[in-house]
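Notes to accompany the following structure.
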């Protein structure tokens, strides 16, 4: 066992890494699998097996046997997606374009008697007039015509007779309500509910309560954010076991000192994603109430306590993750498990980093009165880089490990870098959170509340697209300038170029998921329906990320103590990885509809 342990540690050591562009090419498979889900979801049942075959299995093949030709594999998946999307749109157009009955329902622009009215600023050009019966017009205007003026509710005699008995006009209102029971608004079923009645200026036709309630429930969800976080988790889960097999390319494993690889950016992406969804708990509350969003849900820390009290509250919430870190430490040391000491140190592991970074962010939160999260992240990263350059880097790369600090020098020295990544994730989360804010201006008369909020969401989505484009270009420019000046990326140090790389990578791919939900039309009547855009399996993984991550770590350890993974042939390696990912998918499916908070 000792010889195998040494061979295994050498197997995962001294990795030279790969180019950033090859890592981006491999990561494009995730976007291609998401596009494939959007294309195929109308034709399949959304069960566990289909979720696994579409969302998980292509990603597993993309980071293993197809990682040497990622663009070919991505193109193959994209062609399939494009074919099904094109077919869906043709079918949808053929069934959603009924022919207009001649002589009954004419738009103003169809008539040759009067020129069409110009469209209003509210977009009322898309609204069609509806022909009503005389009784319907009279009721909509507040009165009902009667052939006998003496019995008319609005006649002088009737008004004077009821003036003393009903000075507030309550009986008149009740009388008109009773007349409503015999009136039916016969509007054709293919006419939308937002209509402009002629000659009455506006008549609001209420939608069914079920439809409205369903829209209100789903409108706060952000599908692109859910899928982005779930794919980040899924790629991490795949890589932590696949790296132990020879079928996983060595250049995708973690680099020793300097270099870039898929697993290097995956570690930082985990911290970036944690910051992205911690926006609600660490940022000041918005001026208006926000709808609950499962994609942005996080435990909330009250803003009223003192900074010291807030730190204690955050530390208390991090205790479960710290416990997981100590459990992993005991299991690794107690089972003589092969470990790579230069990743985090002798005793440190990634759970400790995840637990401490939010606590440190709470400690510096008072500075956000003067500086943005992103500015704080850049400042901390630059100061950390100065400290590394002139003092700390030589200590980290030395062989001495006497004392608790030197034994875990990688874990302690990389904390400022991961804190910077977390703060930049918080900054991006501030922009994403605006999509969940309700509109503040009054809606126009031709829009229902739901339509107004939906149009507001679409405008905010376009704004977010432009913001993410700007941030992506900015982070890539910073990274390119640093590398051009001779800087090197180091995950082990979490130095400034590593921070810029993680920020650029995650901002770009978050933009990619957002563009897919915006550009690819859904084959249903609602382009942004979360039931179509969010695979149920990925939704469950997003809601129970830490539980999934813990299960993956336990299964990884079980596989490694059960077989000599580095000597397994390709067919056996892929079989074990498929069984492993299917088991993780089953765990996520069991947790579907729940939220396990650790």
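Just so it is clear, glycine is given a Cβ too, placed from its N, Cα and C backbone atoms.
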Among the residues 506, 560, which does Swiss-Prot list with the feature N-linked glycosylation site?
560
Report, as numbers and ranges, every residue of the chain located at least six residues beyond the transmembrane segment (571-591) whose Cβ falls under 8 Å of a Cβ in that stretch; write 'none' if there are none.
48, 51-52, 56-57, 60, 64-65, 237-238, 241-242, 245-247, 536-537, 540-541, 543-544, 547-548, 551-552, 555-556, 559, 563, 565
Per DSSP, to which secondary structure element type does residue 560 (N-linked glycosylation site) belong, with helix, strand and coil as the options?
helix
